Amino acid sequence: MAGPCFIQAGIGIEFTCSTIIVGALASDKSKDVLPPLTDEQASWLGSFLFLFTPLGSALSSLMLNRFGHKTCMILINVPFLVSQIMLFYANSVGTLYVCSMLMGLSVGYSGGPTSAYIGEVCEPKLRGALMSVTNVFYYAGSFLFTLIYAFTLDWRLTVLIGMSIPIVNIVILFMTPQSPMWLLTKGKSLKAQRTLAKLRGWPSQETGSSKEFKEMIAFTSTAVHDNDDIEKDEKGATSSWGQLLRPEVYRPFRLLMVYFFYANLMSGVQYGPYLLQIFTDFGAPVNVEFTLAFSVLLSTIGGILTIFFISKFGKRFLTLSALLICSICYIMIGLIGVYWTNSKPLTAWLVLIFFLTTIFLASFGIMPIAWILLSEIFPMKSRNITCSAGTAFGYLMTFFMIKYYLDFSNFVNFYNTFTIFGISGLFGAVYFYFYLPETENKTLQDISAFFK
């Protein structure tokens, strides 16, 4: 599990890069060789990463079945490392754009291999908690990156230090075992048996007779041989894309897309690259760089709490409660910012506290669950392609939210964006009340059967 965890830490750094660079180059006071960014340049820099994630997801879906999870997870780190080296030496805005594109490829490529790997190697009772652990590493990577910048106030030095993550991760992944399920689909049952024994800490000779290994064999055999459940192309070969038309695939895919939308909205993804300026606009007398680091620390704490509470309360309860409270906080920020303007010191602190509350709750009950659902709600025979496609569409959604946030904010007013997003969140809570099933402590077979 160390490999996927460090991949998530790297993704946290990649997501935070644009926030730090946009904030550092936002004013004429910047002493960097690069000129201050315009609003248009800032919106492209903040969103380019998400525009190129679908390409990375497409590449991973094409390579995952052939090369396996381990090899693909190693390849994730190559564009990440190259982008960090280029960022350190960047002397033009165009170079920043290219680096953002490379990070987008890395992030998009990571979705399918890591989510499918975690979903396949974890025991059902631990899957939610262990997936939450990887999300903690995502927040931890972001937190350490923002904290380094808060102390150094030098974004290039921060990037240089961050290069250590992909290097360490490549070393770790070379020692990570393959997915037993993937090995079974390749006819390597003996190796799959030894790998599962290693993952579970069992004697190898006992693994072959275990209930879990027998279920894996049955599950993967169905995925490979059940021609009645698989669409065929003109040559008679298996068509993975044809499976997207089946109810047990498109129903969870539709649910996942709605979940990604509200996870992005309530976690403030659209505000992400502009957080330093947003904290300044709130007007509270705080150091914005350390406030940014503190906000990511809150996300980290929320992710840690998810590990302990998800098995107790389930994904459905956490989603509904967090979504409702975040929506109310957003509406309060909007109303205070527009209608209560005569008590500035008090209102500045109130809107900041409400915003930090949404960051904490979104990391506790919304965003981690989105990625857990991605790893467990799709059937085995289509999981690789649906995990990659789900990641691609989720990030493409994020691109549009970030790219056009500034235009939307200028059109409706900064504080009105919170009111609109908050009201939208209430509609999302109603949708999930009726359509979000409880998947905690359910086997992958049980979850797939629910959507048929």
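Backbone N, Cα and C atoms are what each Cβ position is placed from, and that goes for glycine too.
Residues or ranges marked as domain 'Major facilitator superfamily (MFS) profile' in TrEMBL: 1-440.
TrEMBL lists 44-64 (among others) with the feature transmembrane segment. If you look at the transmembrane segment (44-64), the same-chain residues 6 or more away from its ends with a CB under 8 A from one of its CBs are 14-15, 18-19, 21-22, 37, 71-72, 75, 79, 93, 96-97, 100-113, 116, 272-274, 384-385, 388-389, 391-393, 395-396, 398-400, 402-403.
The transmembrane segment annotation in TrEMBL covers 71-89 (among others).
Annotation source TrEMBL lists transmembrane segment at 95-118 (among others).
Residues of the same chain lying 6 or more positions beyond the ends of the transmembrane segment (130-151) and with a Cβ under 8 Å from any Cβ of it are 1, 4-13, 15-17, 19-20, 24, 114, 118-119, 122, 157-158, 161-162, 165, 287, 289-290, 292-293, 296-297, 299-300, 302-304, 306-307, 310, 363, 367-368, 371-372, 375. If you look up TrEMBL, you'll see 130-151 (among others) marked as transmembrane segment.
Counting residues 6+ beyond its ends, the transmembrane segment (157-176) has Cβ neighbours under 8 Å at 2-3, 6-7, 9-10, 13, 17, 20, 70, 73-74, 77-78, 80-81, 84-85, 87-88, 141, 145, 148-149 in the same chain. If you look up TrEMBL, you'll see 157-176 (among others) marked as transmembrane segment.
What TrEMBL lists as transmembrane segment is 253-272 (among others). Residues 15, 18-19, 46, 244, 278, 319, 322-323, 326-327, 330, 355, 358-359, 361-363, 366-367, 369-370, 373-374, 377-378, 386, 389-390, 393-394, 397-398, 401-402, 405, 421, 424-425, 428, 431-432, 435-436 of the same chain sit 6 or more residues outside the transmembrane segment (253-272) yet have a Cβ under 8 Å from a Cβ within it.
The transmembrane segment annotation in TrEMBL covers 292-310 (among others). Long-range contacts of the transmembrane segment (292-310) within its own chain (CB-CB distance under 8 A, at least 6 residues past either end) are made by residues 16, 19, 23, 128-129, 132-133, 135-136, 138-140, 142-143, 146-147, 149-150, 275-276, 279, 318, 356, 359-365, 368-369, 372, 440.
Within the chain carrying the transmembrane segment (317-340), a Cβ under 8 angstroms from the stretch's Cβ atoms is held by residues 259, 262, 266, 306, 309-310, 347, 350-351, 354-355, 357-358, 361-362, 364-366, 369, 413-426, 428-429, 432-433, 436, all 6 or more beyond its ends. Feature annotation from TrEMBL assigns transmembrane segment to 317-340 (among others).
Through the fold, the transmembrane segment (346-373) approaches residues 115, 127-128, 131-132, 134-135, 139, 252, 255-256, 259-260, 262-263, 266-268, 278-279, 282-286, 291, 294-295, 298-303, 305-306, 309-310, 315, 318-319, 321-323, 325-326, 329-330, 332-333, 336-337, 340, 394, 439 of its own chain, all at least 6 residues removed from its boundaries and within a Cβ separation under 8 Å. Feature annotation from TrEMBL assigns transmembrane segment to 346-373 (among others).
According to TrEMBL, the transmembrane segment annotation covers 385-406 (among others).
Counting residues 6+ beyond its ends, the transmembrane segment (418-436) has Cβ neighbours under 8 Å at 255, 258-259, 261-262, 265-266, 270, 315-316, 319-320, 323-324, 326-335, 337-338, 412 in the same chain. Residues or ranges marked as transmembrane segment in TrEMBL: 418-436 (among others).
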